[in-house]
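Taken verbatim from Swiss-Prot:
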| type | residues | note |
| --- | --- | --- |
| SIGNAL | 1-19 | signal peptide |
| DISULFID | Cys38-Cys104 | disulfide bond |
| DISULFID | Cys54-Cys151 | disulfide bond |
| DISULFID | Cys56-Cys72 | disulfide bond |
| DISULFID | Cys71-Cys132 | disulfide bond |
| DISULFID | Cys78-Cys125 | disulfide bond |
| DISULFID | Cys88-Cys118 | disulfide bond |
| DISULFID | Cys111-Cys123 | disulfide bond |
| CARBOHYD | Asn112 | N-linked glycosylation site |
Amino acid sequence: MHPAHLLVLLGVCVSLLGAASIPRPSLNIMLFGNMIQCTIPCEQSWLGYLDYGCYCGSGSSGIPVDDVDKCCKTHDECYYKAGQIPGCSVQPNEVFNVDYSYECNEGQLTCNESNNECEMAVCNCDRAAAICFARFPYNKNYWSINTEIHCR
């Protein structure tokens with residue numbers, strides 16, 4: 001084997017070892033992102049909704065900056081209610097760890113009946129938010145705003 005091939009192989013192995021220690025995002029975040037992509041294909045990366053306005057992403061306060069942000073406020077409230085369901089084994093702030101199943105067919109989202117009550121509630125929260133996002137324009141000016149100034 002050529003020395004150059006050995007160096008490439010060594011580099012790949014080191015990269016894989018490093019990647020193994022990187023924490024994975026929760027599955028629910030990925031499911032929610034896929035739902036958004038189902039309702040808004042090719043328009044806006046779902047990652048743009050992770051830090052938008054006062055309510056999309058971590059932290060929630062103040063008055064929503066626009067209709068997209070209102071979708072996120074409603075989504076936060078929906079997650080809180082889902083976390084209160086008897087038999088739902090998550091705390092409201094851990095609801096992102098709930099796995100659920102759904103189908104996307106030509107922009108239409110359906111939460112599968114195989115979901116338990118908690119999974120169905122979280123799935124429907126994500127479904128409603130994805131549909132809500134599709135109804136309103138995404139304003140790049142509200143991405144990654146200073147929430148301490150704009151969200152009082």
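Counting begins at 1 with the first residue displayed.
From the backbone N, Cα and C atoms, a Cβ is placed for every residue, glycine too.
Taking CA atoms as the reference points, Cys125 (disulfide bond) and Cys72 (disulfide bond) are 10 Å apart. For Cys132 (disulfide bond), none of the recorded positions have C-alpha atoms inside a 10 Å radius of its own C-alpha, out of Cys38, Cys111, Asn112. Of all the disulfide-bonded residues listed here (Cys78, Cys104), it is Cys104 whose C-beta has the fewest other C-beta atoms within 10 angstroms.
Comparing CA positions across the disulfide-bonded residues Cys56, Cys78, Cys104, Cys118, the one lying closest to Cys151 (disulfide bond) turns out to be Cys56. Listed in sequence order, the disulfide-bonded residues from Cys38, Cys72, Cys78, Cys104 having a Cα within 10 Å of the Cα of Cys54 (disulfide bond) are Cys72. Most other Cβ atoms within 10 A: among the disulfide-bonded residues Cys54, Cys88, Cys111, that distinction falls to Cys54. If you compare Cα positions, Cys104 (disulfide bond) sits closest to Asn112 out of the recorded positions Cys56, Cys71, Cys72, Asn112.
Cα proximity to Cys71 (disulfide bond) (within 10 Å) is found for the following recorded positions from Cys56, Asn112, Cys118: Cys56. Long-range Cβ proximity for Cys56 (disulfide bond), meaning a same-chain Cβ under 8 A and a gap of 6 or more residues, is found for Tyr49, Leu50, Val68, Asp69, Cys71, Cys72.
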